[in-house]
Structure formats: structure tokens, C-alpha cells
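Taken from TrEMBL as is:
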- 1-19: signal peptide (SIGNAL)
- 48-399: domain 'Peptidase A1' (DOMAIN)
- Asp66: active site (ACT_SITE)
- Asp279: active site (ACT_SITE)
Amino acid sequence: MASKRWLLLCLLFPLPFFAVPSKTGRDIRLELTADAQAASVHASTATYLVDLAIGTPPVALTAVLDTGSDLIWTQCDAPCRRCFPQPTPLYAPARSATYANVSCGSKLCEAIPSPRPSRCPTPGCVYYFSYGDGSSTDGVLATDAFTFGSGAAAHTLAFGCGTDNLGGTDNSSGLVGMGRGPLSLVSQLGVTRFSYCFTPFDDTTASSPLFLGASANLSPAARSTPFAPNPPGPSSRRRRSSSYYYLSLEGITVGDTLLPIDPAVFQLTPSGRGGLIIDSGTTFTALEERAFVVLARAFEARVAAPLATGGAHAHLGLALCFEAPEGRGPEAVDVPRLVFHFDGADMELPRESVVVEDRAAGVACLGMVSARGMSVLGSMQQQNMHVLYDVERGILSFEPANCGDL
């Protein structure tokens with residue numbers, strides 16, 4: 001979660017709220033090895049939630065699948081001083097035979113981006129994470145048995161046991177960080193590659209695959225772009241940035257026109273500011289405001305439909321909306337071709353990854369928002385795109401796919 005999960009959840013910069021109906025029947029297959037152990041993941045308001053179990057005996061929970069952060073954490077009844085509502089009972093560490101605190105002197109404790117040794121009581125390692133939308137989690141770092149899927153093997157993982165939590169995580173109990181840092185699920189399991197393929201938000205029946213390890217593969221036709229180097233250094237900003245998957249976005253084409261955007265707009269500075277990351281936890285792509293203004297103007301000039309007025313579409317939180325032709329639905333609004341030009345690879349977005357259609361309001365809206373500083377490639381723009389993170393080789397690969405058929 002690099003930001004407020006654009007809706008409720010955001011982690012680094014707040015994005016507007018957007019209500020997408022929950023599709024609890026849409027599962028994701030998770031393969032931890034080539035032997036295909038199955039687990040359930042489903043779409044909530046506007047993110048994907050992993051179904052998992054913690055402890056011995058196991059307690060079932062859900063958490064946001066998030067490539068924009070590292071920490072795995074859940075709300076804990078230890079007791080919980082402040083907890084936001086969640087659909088399942090709180091995890092109670094005292095009831096788990098395999099729960100253990102992480103010591104302050106351990107490498108796992110040292111991996112917390114903002115260590116607070118002055119608040120390091122025996123026997124626990126205290127953590128505190130706050131996010132740009134005002135949400136936060138405060139608790140102790142611990143280990144316990146995690147199970148992904150019925151009958152799957154349990155894995156002992158470090159996680160945050162949060163007892164003072166503000167905000168929310170999209171109708172779930174916490175987060176499963178998939179970032180590049182040592183506390184993420186990817187790092188703790190020791191996998192060097194993973195992939196996912198998100199079905200469209202309006203598809204309530206098809207499943208979406210998520211693969212970890214050797215089962216994560218694409219076809220030879222896939223396009224690839226290298227991850228941009230993460231900023232080095234000891235500062236808290238750079239330490240948090242070191243977990244992101246940065247990409248080099250070199251330009252954007254609308255229709256047949258390469259937009260006049262200075263490539264420096266998307267460059268990452270040595271201090272850890274700017275840049276563009278890919279994030280499964282943020283819904284709408286957020287572009288640095290100078291780039292977004294140029295994109296919005298070009299999009300508006302090429303759509304032969306009047307701009308939407310009034311407040312019927314205000315709940316979408318999107319800046320650029322077009323009225324559907326009279327007597328017709330928003331699908332009748334023609335939208336131009338949109339291509340992101342990454343280093344060595346072009347990503348052309350299908351219509352469902354470009355606009356949000358609201359039939360009740362009779363509008364089609366550009367599914368992107370403006371941001372200051374860091375840009376984010378969100379999950380809406382990754383629909384029906386099989387995306388592979390090769391962490392070992394430092395490469396992101398992708399190809400269009402019918403994700404429900406994988």
C-alpha cells in the first residue's frame with residue numbers, strides 16, 4: 001500500500017474515495033510452490049484481500065495484498081486499545097501456541113523503517129507505522145504460523161501485532177506486504193519471483209491468479225522493463241522507499257500523440273522523492289500533477305462528449321468525467337488510445353483500464369488522479385494484465401491476458 005489505497009487504505013499519499021461494489025465471490029488462486037497450493041483472495045471495495053489464517057489453532061483473517069509496502073500486520077486483541085471494525089474476530093496472540101515476540105536486538109526488529117529503540121521494552125520490539133491519509137498501526141513485532149489456503153503448509157512469519165490502529169484497511173484486518181524489504185511475505189518466504197493477473201472489477205465471477213515462486217511464468221511474447229534503482233541511504237524516507245518497485249516511465253501517448261511531458265517529472269531523486277512505483281494496493285493510477293494536467297487536457301480534446309457537470313458523479317472522486325450520449329450508456333463514450341512508455345516496454349491499456357463507467361450517473365471518467373511527488377501505477381490499470389515481478393533479476397514483465405482463464 002503505497003498510499004491511501006486510494007480509497008480507505010492509502011499508505012503514502014491520500015487519494016480520493018471510490019466505491020466499487022464488493023465482489024466476494026471472485027477468488028484468486030495462490031500458488032506457493034510449483035505444487036499449486038490454493039488460497040483465496042477476493043476483491044473488496046477497491047483492493048484485493050488475501051484470505052489467510054494465523055496461529056495455532058489457526059484464526060481466519062483477511063488482509064490487503066500490497067506490493068507497495070513490506071510489513072505484514074493485523075489487528076490484535078492483546079488487548080486492542082484502538083481497533084477499526086473488521087469482518088472477522090480479532091486475532092488474540094495469547095490463544096496461539098506458536099506466537100512469539102521478536103526481540104529488540106534481532107535483525108527483523110532492525111528492519112523496521114523507523115526504529116524507535118527508546119520504546120523497545122522487554123521482551124518485545126515495538127513498531128509504529130503512519131500513513132499519509134492519517135491512518136496508522138502501532139504494536140509489537142512478533143512471529144506466528146501463517147497458513148494460506150485449506151490444507152496448505154504453515155509458514156512461520158514475522159508480522160506486526162497492532163494494538164493501536166487508526167483508519168482502516170478496506171474491510172479487512174491488516175496488510176500483507178509484498179515489497180522488496182526484509183519484512184515482506186516475498187522476502188520471508190525466500191521466493192525470487194511472483195505474478196498476478198487481476199480480473200476486471202466488474203467481473204463478479206471469474207477468478208484471478210496469484211503465483212509465488214517457480215509457478216510464476218509468462219509467455220515469450222511478454223514485454224519487460226527493468227526496475228529502477230531504489231534510493232540508497234539511511235534516512236527514514238529512503239528506507240521506506242527502498243521497499244518499492246520503481247519503474248522508469250519515459251512518456252505517455254494519447255491517441256497517436258506523444259504528450260509533451262518532461263521525463264524528469266517521473267524521475268526519482270537521490271533523496272527518495274518523485275519516481276513512479278507499481279502497486280497492487282492502490283486502485284487508480286496517480287500521476288504527478290504536472291503530467292496529469294497534460295494528460296487530462298489531451299484526453300479531453302480527443303473525447304467527443306461534453307464534460308459532466310453537477311454532483312451526480314462526485315462520489316467517484318475523479319476529476320475528468322464525460323456525459324454519455326442522451327439515451328445511451330457510458331459505454332457509448334469513445335475514448336482514445338492510451339499507452340505508457342516504460343524503459344524498453346510499452347503498456348497499452350484497454351478501455352476497462354482507462355475509464356470508470358457509472359451507469360447511474362451516466363458518466364465515463366478517466367480512472368486516474370493527480371498526485372504530488374511520487375506517481376503510482378495502480379491496480380485498475382493492471383486489469384487483465386498478467387504482471388510478473390522477477391525480484392532476483394530486477395525485471396518487471398507483463399502481457400495482456402484473459403485473467404479469468406489462467
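Including glycine, each Cβ sits where the backbone N, Cα and C put it.
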Length of the line joining the Cα atoms of Asp66 (active site) and Asp279 (active site), in Å: 7
For Asp66 (active site), the number of other Cβ atoms found within 10 Å of its own Cβ: 30
Overall pLDDT of the domain 'Peptidase A1' (48-399), taken as the mean: 90
